[in-house]
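Worksheet: the structure to be examined is printed underneath.
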Amino acid sequence: MEKRKIILDCDPGHDDAIAMMMAAKHPAIDLLGITIVAGNQTLDKTLINGLNVCQKLEINVPVYAGMPQPIMRQQIVADNIHGETGLDGPVFEPLTRQAESTHAVKYIIDTLMASDGDITLVPVGPLSNIAVAMRMQPAILPKIREIVLMGGAYGTGNFTPSAEFNIFADPEAARVVFTSGVPLVMMGLDLTNQTVCTPDVIARMERAGGPAGELFSDIMNFTLKTQFENYGLAGGPVHDATCIGYLINPDGIKTQEMYVEVDVNSGPCYGRTVCDELGVLGKPANTKVGITIDTDWFWGLVEECVRGYIKTH
């Protein structure tokens, strides 16, 4: 089995933590580094959350702090979903794990420039780090094997009627990424909302046990509450984890190639990913857009990763 080399760029975040857990443990993934961006909460909080998850699960991968602000727009956070810390719910031990001193954008550029073009970027938060890296060093573009991102929607948004949170948090950065010419795979809300984590799924992961089962339960019981209160959903979708699922086995997710453009004009559609599903614009497709996911396969994959953290000695 080929191991996919990835850099996970995230804003932890409840579903980010699940993506981290999967990426660090599955044998099909070679997690080179974790870069942190502001998004679900401010950078100081998302960084602490990422380090806490790494410490709890003994994920021995370097963590780098990145962009504290969007490129242009005023900063927003998703405290209605992720709480005051950005990862409300779990209680962690005192933090001793530290981030690297190198800035995340520099790490991304240096790692890609030294590579053979075999590294996939997996941004599951706002695209600020990725866009700034592209603008600072355009020579990285042909070095990126693929970008598999969580963001956008071809239907309804979740932060505005038009826009999904990750894209709305930094639409100008998203515009840079979607016009970069790099192969893109987009896991938008239309797909990720199919991964609603019900009480039955939480109980299943609790039964699987170990530190990851405990963390999964604490994380998803919190989002069960906030997702129902905000959106009436029967549980919290694990949006970001779908990107890791796709990288492990793309056959579990049906995609459709489309031309996707990010609306950066002020107004009700600011931050919308305009997906030309019918091809009416006649422009060449630039993105594989996730349509449906085999949820039985997906939750089996999550459980496999949860069980991977159980110590046998």
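The chain as shown is numbered from 1 upward.
From the backbone N, Cα and C atoms, a Cβ is placed for every residue, glycine too.
Listed by Swiss-Prot as binding Ca(2+) are Asp11, Asp16, Val124; the candidate from Asp200, Asp218, Asp240 that the record includes in that site is Asp240. Distance noted between the C-alpha atoms of Asp240 (Ca(2+) binding site) and Asp11 (active site, proton acceptor) is 10 Å. Apart from Asp11, Asp16, Val124, Asp240, the Ca(2+) site neighbourhood in this chain, defined by C-beta within 8 angstroms of the site C-beta centre, holds Cys10, Pro12, Gly13, Asp15, Ala19, Gly39, Asn40, Gly125, Met150, Asn166, His239. Taken residue by residue with DSSP, Val124 (Ca(2+) binding site) is part of neither helix nor strand, so it is coil. The Cβ of Asp11 (active site, proton acceptor) lies under 8 Å from the Cβ of Ile36, Val37, Ala38, Gly39, Asn40, Gln41, Thr46, Gly86, Val124, Gly125, Pro126, each of which sits 6+ residues away along the same chain. Neighbour counts of Cβ atoms within 10 Å were compared for the binding-site residues His239, Asp240, and the top value is held by Asp240.
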